[in-house]
Amino acid sequence: MVIPWCSSMMRLLWFLFALLLARSVADAATANYTFTVESMRVSRLCNSTDIIAVNGLLPGPMIEVNEGDAVAVEVINGSPYNLTIHWHGILQLLTPWADGPSMVTQCPIQPNSSYTYRFNVTGQEGTLWWHAHSSFLRATVYGALIIRPRNGSAYPFPAPDQEVPIVLGEWWSRNVVDIESDAVSSGQLPRESDAFTVNGVTGELYQCANDTFTVDVQPNTTVLLRVINAGLNTHLFFKVAGHAFTVVAVDACYTANYTTDTLVLAPGHTVDALMVTNASAGSYYMAVQAYDSLSPTTMAVTDDTTATAIVHYNTTSTKKNATPVMPTMPQSSDSATANAFYFGLRGPPSPSAPAVPTKVDVNMTIELGLGQLPCDSTQSSCSGKSVAAAMNGVSFRLPSQMSLLEAQFNRTPGVYTADFPDAPQPSGTPMVEGTKVRRLKYNSTVEIVLQNPTAFPSENHPIHLHGFNFFVLAQGLGNFTPGNVSGYNLVDPVSRNTLAVPTGGWAVIRFVANNPGMWFFHCHLDAHVPMGLGMVFAVDNGTTPDSFLPPPPADLPKC
């Protein structure tokens, strides 16, 4: 049962808790940032393109904090577009108003307006990132968010000699908002990107390339690469010629050491990997190519180019202009390499591993579906049918007049319905549109089987959960069956906030709903979000002030 905000006792308890929380925040260090979002002209691929960027930077400014810090980011929207910012992977405990997905937790920041996001970084360490969460703006509005151990603490691995953020992106030579608008209007998929980028630049294999990101390293040192896939729609293979990696964290969750020469990142993923500079002195390409989980079907529309950066050994014997060594990349359709990476990750060994909850309160199976719906009146260039996507047959639609979180807090009827189905619909059931959420009792344990279709071509969907990390208990190919339960890893499963559900396969996740609010659960291929591949969990309040949805901040944007 949701405890109404109008309860005078709960208001008093919340007031007392807020005073304690304010004192706690005051005692913590506060990292203050100002993001000015404006148009800027950038030259790439022999063209000049106007993009939306933060503080004139691509990637945008890096946020660096220690675990336990408070963060305040004033976002000034000087762009012509509505805008929100999402702090991807931040748990937002009791700060759901700062999560950022447009029309889920807030109305957008309108042009010539501002909003200050305030949240704490508690119980998290590693590499996360921030990005726009409205339209395709996140193609250029993104940046790294680094959380280091609090003072006096250390990494659970040998301290690196050097840390290097590597933010991977996709580049279009057209206005990305127009690209999305054209796709939605026509009911078709958006065109593929024109290039990939490493820290905002393409590298020297593209036409008119005049800038390449270079990492200068010393021999026989350990470099911590903080790799982020900020791309919109493409899974990526990542390699450095002549070097191997030891993965130590994903999605700001520590892992058991995992050695590989190929990192695989779905959109939204982060990987912390140690690289030892034990190769011969020289220069080596860092290469990025697409993993196209649809290949070789004719549905594939993936950028087939290669972005590069350079790892340069800074010695007297190394020539700066020497041609770097190129790594041998996997084939774009190499699902075996992708699955080996995703399936091979484990959580840290005991006793460091967090305990997996064993009593499950809510069991769900969510089928990820692609299909078609009739064109609607807003799709001016659509003919007959429009591409669509759904979870359990429901193609998700955002509200237009009020955010879901405001509707939950104010108990406003008519904004959403709490009838999202717990299981796939019978075969042949038509896809429907709706703003359906799944209510969860506070502190309930939820297990979800995510199933990709196996009867026709599908693709690897990176599914992102806001507000929580989850345990990945099992993954496999084909259809999930009850017999797969015996294979659950309840000892050292990896924790993530974004999971790549394999093509023609399944994955099982489990989490505890201990964070009241409205939490988006959606595909992180941005092309699939307006198509409807998402839903929302509405987590009820608990019974104590530290489990109760706080009121909205005074400067929360209005619709």
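Even glycines carry a Cβ here, placed using N, Cα and C.
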Given that Swiss-Prot annotates HIS131, HIS524 as Cu cation 2-binding, name the residue from HIS88, HIS466 that shares the site. HIS88
Select, from ASN77, ASN82, the one residue given the annotation N-linked glycosylation site by Swiss-Prot. ASN82
From ASN120, ASN410, pick the one Swiss-Prot annotates as N-linked glycosylation site? ASN120
Need a hand: Swiss-Prot gives HIS133, HIS466 for Cu cation 3, which of HIS522, HIS528 is also on that list? HIS522
Per Swiss-Prot, the N-linked glycosylation site among ASN321, ASN541 is ASN541
According to DSSP, which of helix, strand or coil covers ASN484 (N-linked glycosylation site)? helix
What Cα-Cα separation, expressed in whole Å, is found between CYS523 (Cu cation 4 binding site) and ASN82 (N-linked glycosylation site)? 21
What other residues of the same chain, not counting HIS133, HIS466, HIS522, have a CB atom within 8 A of the CB centroid of the Cu cation 3 site? HIS86, ASP99, GLY100, PRO101, VAL104, HIS464, PHE520, PHE521, GLY534
Fill in the CA-CA distance, ASN112 (N-linked glycosylation site) to HIS131 (Cu cation 2 binding site), as an integer in Å. 19
Return one of helix, strand or coil for HIS86 (Cu cation 1 binding site), based on DSSP. strand
So which recorded positions out of ASN47, ASN82, HIS88, ASN443 end up within 10 angstroms of HIS466 (Cu cation 3 binding site), measuring C-alpha to C-alpha? HIS88
